[in-house]
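Quick look at what TrEMBL lists:
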DOMAIN    10-65  domain 'CBS'
DOMAIN    73-132  domain 'CBS'
DOMAIN    140-197  domain 'CBS'
DOMAIN    203-260  domain 'CBS'
DOMAIN    407-540  domain 'GGDEF'
């Protein structure tokens, strides 16, 4: 479904409003179209956009609804032409962090709107092929922000505006008993309501919930059936612990599980995890290549004007011809240089073929300004181990090498047990001491060919080249035992001991991409935790 053209699925009716309309008129249109969006149009062209979140803001600020809508439709428009595909729209929404896309024709005239909800519906089959479950993405979602049933409606607006959230679950005794969404505020703003009334009078209930083990595909089906854009996540005792939105789902379809890639979209995000000084993402149509996204460092250097423009506006045409030729032949480039003005840049990157109608591939480039000798550090400052950036790059290269040479390797995901309790009991300084101590133990215990990195927090990854599961297990078990035997001196004079849980996966048995291997290792680490901790799980 990712090959559909936007012109074939765009919502055209009742989503555009003339520039002299009032806020009251605009809100009435938004309630009628059930899209949560209205585009302000001047002379047939999109000039501004307002969403449910903007309505929440103007209600919070108590703006007179008789004011002209165009005064408040000041968001940066993210547009796409109707001959682009759903794949393009998915990338554009995620990379620019928007929930609605304004679609135009070739001349820039307003055509309609595409929403995240529309994309989720058309991408259901891609979610079906995904292995990711709710628990894989919940840690990437912000903590639950809720209110009790007795709270006034004004507090809902305050929460939404200050935290930039689209809904507020209403929680009593740990259980979600209702929810107020931006859509509810939109409806109430037209009907009229008192900000001092309790939320229990207006909340939607019962609340649609999901548990941690539910696959994302099932979440998508439920959202579609219930006509909702978010679900409250509950634990085994039905206590509300988080909320997952359509935006979270699309991010993870694109591949954002702690830097994992979603190969089902045939589009890698590994390069994003290198954290370069400047990053550019390009769509290759075969006939032309144009910039779909660039990070803030690129845009502050070259301006937002480079978006949706030919890449030759950024890289000189004669140099781009060589870069593109190398990408077509080798699917990657490393350390190619070009000069732009008084600056010299170095390019590295990847090209991934997609073969989806117009989009022949995606290109992701790292640009380094080597005129200022910018250094990309590869070590974690606390432990001295390799950092996550280096690990992602090494894992990608090890996958390529192992595939090419038909070799195997193992990957272990390690998590220190009860580390939060240690931090809370002895202080974060003590926690840092433990991390440095354990890092030293690991370095002394692993083999020379192995690569170890701090993956984040109290989590580590060991890559064991040309090592299958059977010999990897005893090596890691010796490390596990050594960690448990350590008596670690703390700054305050106390000593502590810690244990670690291990999840072990192998290439190619558990997958042929970094996403598959890390998910498999994470699943087994999760089982190790549930099995009492301080153990290694390497199957199932």
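Our numbering is plain: 1 for the first residue shown, then up by one each step along the chain.
Just so you know, glycine gets a Cβ as well, placed from its N, Cα and C.
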Composition by DSSP (helix, strand, coil) of residues within the domain 'CBS' (10-65): 20 helix, 18 strand, 18 coil
For the domain 'CBS' (203-260), the number of residues DSSP places in helix, strand and coil: 20 helix, 15 strand, 23 coil
Across the domain 'CBS' (140-197), average pLDDT on the 0 to 100 scale: 92
